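What Swiss-Prot says about this one:
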COMPBIAS  37-48  compositional bias 'Basic and acidic residues'
COMPBIAS  123-146  compositional bias 'Low complexity'
DOMAIN    163-224  domain 'SH3'
DOMAIN    241-305  domain 'SAM'
MOD_RES   S23  phosphoserine
MOD_RES   S34  phosphoserine
MOD_RES   S74  phosphoserine
MOD_RES   T76  phosphothreonine
MOD_RES   S90  phosphoserine
MOD_RES   S119  phosphoserine
MOD_RES   Y160  phosphotyrosine
REGION    1-72  region 'Disordered'
REGION    91-153  region 'Disordered'
REGION    337-359  region 'Disordered'
MOTIF     20-25  motif 'Important for interaction with 14-3-3 proteins'
Amino acid sequence: MLKRKPSNVSEKEKHQKPKRSSSFGNFDRFRNNSLSKPDDSTEAHEGDPTNGSGEQSKTSNNGGGLGKKMRAISWTMKKKVGKKYIKALSEEKDEEDGENAHPYRNSDPVIGTHTEKVSLKASDSMDSLYSGQSSSSGITSCSDGTSNRDSFRLDDDGPYSGPFCGRARVHTDFTPSPYDTDSLKIKKGDIIDIICKTPMGMWTGMLNNKVGNFKFIYVDVISEEEAAPKKIKANRRSNSKKSKTLQEFLERIHLQEYTSTLLLNGYETLEDLKDIKESHLIELNIENPDDRRRLLSAAENFLEEEIIQEQENEPEPLSLSSDISLNKSQLDDCPRDSGCYISSGNSDNGKEDLESENLSDMVHKIIITEPSD
């Protein structure tokens, strides 16, 4: 019988078995060395000619070298990132505490990993603290912010200039508690400009350029009829000297800024102000209610002054009225006169005529009364 020759495959397998064991042994040895010395492992592997026989041993060595290179690169990147992070933390601590940061040594990989873990834990704890503070202080900051906004508005804004819905005179003193900052301190005789009236009884007003609350039971509301004569009297005093032009008239009542608007809208003379009304002033964009009242009251006073001057320019009827008032007592003492003038010659005939008229009247009355009986 013929004997078959052994194939090349079987021969290769016999020769490759020790090579595989040696390659795996070298791989384990290099892996253990890489844990202790990661930086020198690549150089030792590249310069170590242990496996110089066969193509398959070269491919296995190349694969192991790539894995070691990747591990070495990852270690170096971790070191660099850890160093940068530690430097950033140290700089922040130096800025906060004003102390010099202690240098860290990261030459050993174990120390580097330990510092990385510590820094990561510290950063996580700091982030959690900051987030907790922000979340817990969110509600309080909102509430404090609103109160601070209100206080800033009261402090920064100027005095309230209107609108007002009336005026009130205080008849009872009231001093609020020191904790009540919204209420007004009022005294008897103070006049408060009312801003708002609420059905609860707490009104809002302004006193001495301060806006606050007060109870309606401490005040008496001043009607417009009571307030109007006071303004008219003041304007009469200011207009004691008659103004001739519109500009002089407005300067006397301290409203000269409205001269241009009045002149442009047809109010050129003082006579044009006779028929002016509040609606006309609103159409002229005079928004301040106090200015409108002053202008209207001044125009009314100007008309009254003209009427008084016209009466003074007519002395005869005034003198007659005075004479009549003086001689009234004398006229009451005199007998009444019929208005007919009777001469002395015809006095007897006049008496007879009067008697005949009286007789005829009496007869007529008697005739009328008889049938009624």
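Here the Cβ of each residue, glycine as well, is placed from N, Cα and C on the backbone.
Quantities reported herein were computed from a predicted structural model and do not represent experimental measurements.
Features as recorded by Swiss-Prot, highlighted on the structure.
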| residue | record | CB count, 10 Å |
| --- | --- | --- |
| S74 | phosphoserine | 11 |
| T76 | phosphothreonine | 13 |
| S90 | phosphoserine | 16 |
| Y160 | phosphotyrosine | 15 |
Expressed to the nearest Å, what is the distance separating the residue listed as 'phosphothreonine' and Y160 (phosphotyrosine) at their Cα atoms?
70
Taking only the CA atoms, the spacing between S90 (phosphoserine) and S74 (phosphoserine), expressed in whole angstrom, is 24
Could you tell me the C-alpha distance between Y160 (phosphotyrosine) and S74 (phosphoserine) in angstrom, no decimals?
70
What are the DSSP helix/strand/coil residue counts across the domain 'SH3' (163-224)?
4 helix, 30 strand, 28 coil
Please spell out the DSSP helix, strand and coil residue counts for the domain 'SAM' (241-305).
43 helix, 0 strand, 22 coil
